[in-house]
Amino acid sequence: MDIFPAPAKLNLFLHVIGRREDGYHLLQTVFRFIDHSDRLHFDITHDGVIRHENLIPGLTETDDLCVRAAKLLRQRFGRESLGVKIHLEKNIPLGGGLGGGSSDAATTLIALNRLWGINWKRERLMALGLELGADVPVFIYGRNAFAEGVGEELHAVDLPSAWYVVLTPPVQISTAAVFTSKELTRNTIPIKMAAFSMGQGHNDLEPVAMRMQPVIAGWLGWLKQQHGTTKVAMSGSGSCMFAEFPSESAAREVFGRLPGDMSGFVVSGLARHPLSDF
C-alpha cells in the first residue's frame, strides 16, 4: 500500500462530565468514522531523517503531529537510523472538530509500525497515541466507539448505516479555548450507551463555540430546520457540524438546498477504520 488513508470522525454526542485534578476533562462521546479522508504517503529512508515534505503553512515540524508521531515511535523502538519522508494530501478541514490532525498522527503510527518493521500490537500504539492527543487512540483502535475518561477508554459499538451532511463554516475554533472557557458545562450527568441509542445526548461544547463564532449558530439553525434528519449537532469543539440521514438520497436532497454562502459535503458513515486490519 502506497497511500494510507486518515479518515475524519464525527462526535455523535459529547458530554463533559467532570474534570481531573491535572486539568484534563472527563468526557463521554461516540466516535463515528466517515468516508472523508486525508491521504498520506511514506517514503522510507535509512538516514535517520524524519521530514514532512509539504507542511501546512504556518506549521513547524516541531508542532506537526505526523512528525511528532514518527519521532515518538522511532524513539521508543530505539533505532535512530530509521527515517521517512512524509507527504500529506489534506482534505479534512483544519480546526473543524473532525479529528484531522489526530487521524494523521494515528495513520503515521499504524503505517510506520509496519513499514519500519516494528510490528507492535495496536494496544502499544494506542498508548503512544495518547501521548500525542486524546483523540489519537480511537483512530488506532479502528472501530466506532463509545469513549469515556479523557477519550481513551474505548468500547466498540456497531452503529447503523447512515449518511451525513457535514457543513464546514469558514472559521476555526481553538479546542483549548473551548475547554478553558468559564462558560463550559462540566457536570453533565453520565449516560449509558443504551440511552444514546434511544436518542439522548448532545454536545456540551456547542454553546461555547457558538458564542465564540456566531456563524456556527446560524448554520446549525439551518440544519435543524431541514426535514428527514435524525440528528443535528456540532462535531467535537467545532466548527464543523453535521446532520444525520438514513439514506444517501435524503442527505443529498437537503444538501441540494444548501444556501450559496454555505459549504460542506455529503458522506457516508464507516463501519470500521480503513486500516483496522493493516
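Every residue gets a Cβ built from N, Cα and C, even glycine.
All protein chains shown were included, and the count of other CB atoms within 10 Å of the CB of K9 (active site) stands at 28. Under the heading active site, Swiss-Prot lists K9 (among others).
Other C-beta atoms found within 10 angstroms of the C-beta of D135 (active site) number 27, with every protein chain shown included. Sequence annotations record features per position, and here Swiss-Prot assigns active site to D135 (among others) based on sequence analysis.
Swiss-Prot lists P93, L94, G95, G96, G97, L98, G99, G100, G101, S102, S103 with the feature ATP binding site, giving sequence analysis as the kind of evidence. Counting only residues at least six positions away in the same chain, the Cβ atoms of G100, T168, C240 sit under 8 Å from the Cβ of P93 (ATP binding site).
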Output, ordered by sequence, the same-chain residues six or more apart from G95 (ATP binding site) with a CB under 8 Å from its CB, or 'none'.
V171, Q172, I173, S174, S239
May I ask you to report the DSSP-based helix, strand or coil state of G99 (ATP binding site)?
coil
With a 10 Å radius around each C-beta, find which of these binding-site residues (G97, G99, G101) has the fewest other C-beta atoms nearby.
G101
Can you give me the residues near the recorded ATP site, meaning same chain, not P93, L94, G95, G96, G97, L98, G99, G100, G101, S102, S103 themselves, Cβ no more than 8 Å from the center of the site's Cβ atoms?
A8, I92, G236, C240
Three-state secondary structure, which DSSP defines for K9 (active site):
strand
Within its own chain, what residues at least 6 apart in sequence put their Cβ under 8 Å from the Cβ of S103 (ATP binding site), listed in sequence order?
A6, P7, A8, K9, S37, D38, I92, F139
